[in-house]
């Protein structure tokens, strides 16, 4: 008598969900994807950056070549300050030299299309499937959708984003009434973002990026193939919001926010108004920041934005989600291979999910902390960040490359598929430790020096 196959139910046709579907397909593990919306790749104005840690996994899956066909690799970044000072960095080129892959941006919709069209069996991907309940059974789990259907499997994976229904069901199944409140306290909102895509402007060259820093505001532009402009307008809010007291903005607010900033210079003679007037799409969202502690319960687990959410400043949110999917697929492949003719038991799955969190948490924590730091540095949030950004960063050689490299090295890779031919020495270097020590060490020295200057200034005034 043959053993029933192990089946994974992926909730969410997101980047993390579709990447996991590809990973499981290559591992020979049965799965389905349940997507709440009517289409996998909706017409939305967001763009997404693929960095080497995400690119390497997608390359293993045979997907990256399709991304290459539609993107313009970044080579140069320009950083501009409110006083008109600017400097240029070739850190994108350094990243490519170290890891073999460039930093590349494309519309989120296009990336989802690539993931969907390159997946060979669309009968495994269901749309209009809004999951409303997750239930645990003996050695099995099921999900109920709004249309009344029930899907049974051996593991449920929530890849359903910031307001994850699967994660809320996990917290409910855990049976601890205070869990949701405790986890919620770590979910905050301090920034809002208008993101969009605009038609080309001659002074914004393809393959280049501009970061324009203002007090409480960061404007990022990435210039893609044929000059297409992907942009982010990231504004600090008047106060910090903590769950459940979360601000929700309307799309109509985007116009008011952006109209006020039309005169701000982005690069050379280009103002934000020039970019705004050439917009093809634009959307407004608040930027949640959190790193949850409870990722799984029984036979349910979450990946990607469901459990860790970062601002777009550092560009690692999507790539970290890709890594989550790869790490979980590795563990599932290993377990099923080990069990052979037997299906994994509840205790097997429980151990696997603990291993998943243990394996991922430290790396995710580091990337999350670095993302928060970069966001506030760019927004000139407070005196120390203002001085660090203006008077240290421009003279710190390839600091941006060091910071980025530290969060790329040590990335997850699919251990049951061959490594890509594309590679670089950066994967084997110890950038991770040195980057944090450089920043922490300098911050300590800089703070001490700043305190001395302030004390001397006060003494002079007093005398």
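Positions of Cβ are set from backbone N, Cα and C atoms, glycine also.
Among 108, 248, 372, 376, only 108 appears in Swiss-Prot as part of the FAD site alongside 35, 49, 305, 318.
Between the listed ranges 417-437, 438-458, Swiss-Prot ties the annotation transmembrane segment to 438-458. Within the same chain, residues at least six positions away from residue 35 (FAD binding site) with a Cβ under 8 Å of its Cβ are 12, 13, 17, 125, 126, 127, 128, 129.
Outside the transmembrane segment (5-25) by six or more residues, the chain places 31-37, 40, 48, 57-58, 61, 63, 108, 111-112, 115-116, 118-121, 124-125, 127, 131, 141, 143, 151-161, 164-166, 303-306, 318, 321-322, 324-326, 328-329, 332, 336, 343-344, 414 with a CB less than 8 A from a CB of the stretch. In the three-state DSSP classification, residue 35 (FAD binding site) falls within coil. Overall, the recorded FAD-binding residues 35, 49, 108, 305, 318 cover a maximum inter-Cα distance of 23 Å.
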